[in-house]
Amino acid sequence: MIKSMKELKFIDIGSNLTDLMFQGIYNDKKQHDSDLEIVIKRAIKGGLDKILITAGSYQETVEALKICEELDPKCELLFTTVGVHPTRTKDCKVHSDDYLKRMKDLIRMNSCRIKAIGEFGLDSDRLHFSSMKIQEKYFEKQFELLEEFCLPMFLHIRGDQDCYSKFVRIINEKKSLWIKRGGVAHSFNGNLEQLKMILEMDLEIGVNGCSLKTQDNLNIVENIPLDKLHIETDSPWCDIKPTHSSYHLIETHFPQVNKPSKWEEDKLIKGRNEPIKIIQVAEILFKIYSNNSKFSFNQFIDEIYKNTFKMYFKAI
């Protein structure tokens with residue numbers, strides 16, 4: 001028997017709570033009042049024990065820290081990362097030593113909250129934001145943060161085989177800096193060969209709705225060892241849609257309104273993902289793994305929780 005959501009315990013390793021959708025702004029237009037506090041309270045009721053707020057720039061980390069302090073003053077639920085997303089690396093100011101110094105200062109002053117270096121990595125699918133040459137240069141530069149701080153990595157890797165090969169080269173060259181704490185390749189949606197490349201480097205894998213769109217995705221995800229698996233929502237993105245091959249595996253659904261302008265406090269908004277929906281990712285994965293797993297659903301969730309707690313929250 002599956003526990004009630006109140007009895008389940010999840011860690012969402014990636015939620016973009018700084019996104020303007022949680023302030024009621026969609027495509028630069030105000031549709032409703034900020035409901036971030038309501039979203040967080042709903043997440044707690046849904047079993048969220050910890051949420052890692054994804055940051056892809058210095059300013060996003062500052063914004064994430066503000067959210068943490070306002071909504072979780074005891075430093076028990078909300079945490080964040082510090083790093084520069086590959087699509088943000090074109091901005092010349094991030095290449096300055098001063099920018100790196102300010103990120104280091106954030107880590108020193110917020111050791112309770114900052115639990116990972118990232119989101120950083122490579123992305124050949126969106127080169128219109130930043131060239132691969134620039135991405136590579138600043139991906140490597142950010143490892144200077146790991147020279148001083150023993151934190152795990154929150155990694156971004158998306159693109160073709162050449163992009164993955166560059167990613168592997170850099171990760172392996174910097175291995176002495178990260179091997180003690182490891183890291184997670186979040187929002188994985190690569191092929192089987194790319195999955196093996198990541199696992200062979202002793203990295204772990206984060207799965208969300210974008211990892212579960214097609215039948216090929218599902219066939220690949222089942223090859224992730226359970227002790228290397230983490231779950232996330234990447235909210236407000238990566239919602240699992242009825243067109244996804246995994247949708248029929250979901251058991252838990254939530255009342256929702258069809259448009260942001262129709263906002264209601266006790267309902268979700270169609271197309272806007274939230275941390276509470278992490279249970280849907282868990283339900284899909286449990287069914288994918290069920291043929292090769294001896295665990296009940298509750299045990300399965302506990303195993304994933306242990307993986308993430310060890311990676312991001314266990315003191316060393």
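For all residues, glycine too, the Cβ spot is worked out from N, Cα and C.
Unlike curated records, TrEMBL annotations are generated automatically.
The model shown is predicted, which means the values in this text are computed figures rather than measured ones.
Around E119 (divalent metal cation 1 binding site), the same-chain residues six or more apart in sequence whose CB sits under 8 Å from its CB are G14, T54, A55, G56, T81, G83, H85, F154, L155, H156, H186, listed in sequence order. For E119, D234, the entry in TrEMBL reads divalent metal cation 1 binding site.
Taken from TrEMBL, the feature divalent metal cation 2 binding site covers H156, H186.
H156 (divalent metal cation 2 binding site) counts 24 other C-beta atoms within 10 Å of its own C-beta, drawing on all protein chains shown.
In the structure shown, across all protein chains, H186 is the one of the binding-site residues H186, D234 with the greatest number of other Cβ atoms within 10 Å.
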